[in-house]
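Per Swiss-Prot, the features are as follows:
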- ASP101: active site, proton donor/acceptor (ACT_SITE)
- HIS97, HIS99: Zn(2+) 1 binding site (BINDING)
- ASP101, HIS102: Zn(2+) 2 binding site (BINDING)
Amino acid sequence: MSGRLPFSQSFWEEFLMGREGHLPVLPELSHVSKGVIRILGGNPGSMHLQGTNTYLVGTGRSRILIDTAQGLPAWINRISSFLSTQKIELSYVLLTHWHGDHTGGVPDLIARNSSLANKIYKNQPDSGQSPITHGQIFSVDGATVRAILTPGHSVDHMCFLLEEENALFTGDNVLGHGFSVAQDLGRYMDSLRDMASLGCRIGYPAHGAMIENLPGKLEEYIQHREGRERMMLSALTRHRVRGEGTRDERVKYGLTLNEIVLAVYGRLPQEVIEKALAPSLLQVLWKLTEDRMVGFKPGDPLKRQWFALEQRQRNKVRGCRG
């Protein structure tokens, strides 16, 4: 492998592509399978791709709704009209996680139908909501949905397995285009592996098109993250061995985040670094710190120097956030 990752191979290419409007067009409402209807949230943008996907699941009069989008009029008007004309009732409203582009439509749903107030389910629920536990089953005609705890993108993140299709509603853990972000990278990686172990064939993401080869997409996500860890650790290790003297003296040869970007990827536009790279790479550095592979020199966060730990140090040094 070369010492640097080519610009075109990394996730920010799709990040920028999405901002430029090159994503495939998705219908506002579409039957993506016999038992799944996707309704867009009406909130397209660089962070939401074509908008938040919400899903009606089931084949009978009673259905399950997964996520409620951002709370824009376009979504509540669209789903209310569809439910009314098709004479469909909601038995459960399942929320993948707490982020506003997934929970924002809850008040509108309740305002349209007050009986839904006691049908809202979320892991670590807000006041008035019901809890979701790992393995919990939600059933309606044509759909048996099992809750899967998958934290990392957020602390409360849930995926939902549709047993009739061997399909997984992936929430924000895996997107239809590009790569997601993680609040806790270590737990996120564990969740990706847990998702892969389920053996689901297809994925219904919270943003982007249906994933027709979910095992392949999950492998791509895992390899992408692990590859970045290896590249960053390699860059820090190469830099460390150039130092001489005691350990304290070698710490002076650490790299700042911008220097790591330069070492791994070469020169990039500052906008790409700040908006698409820095948050993700900092997550990698903290994970490597927690894994006792990397340490850092305390100080100004913007100028903080990171360094690879030698093997003998890894059993003695614990990284701590500061």
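Sequential numbering from 1, following the chain as shown.
Note that Cβ sites are derived from N, Cα and C of the backbone, with glycine treated the same way.
On a predicted model such as this, the values are computed, not experimentally measured, just so you know.
For HIS102 (Zn(2+) 2 binding site), applying a Cβ distance below 8 Å and a minimum sequence separation of six or more within one chain yields THR52, ASP67, THR68, ALA69, LEU95, THR96, GLY171, ASP172, ALA206. In this structure, the binding-site residues HIS97, HIS99 were compared by how many other Cβ atoms lie within 10 Å of their Cβ, and the smallest count belongs to HIS99. Around the residue listed as 'active site, proton donor/acceptor', the C-beta neighbours below 8 angstroms that are at least 6 residues distant in the chain are GLY41, ASN43, MET47, HIS48, THR52, ALA69, GLN70.
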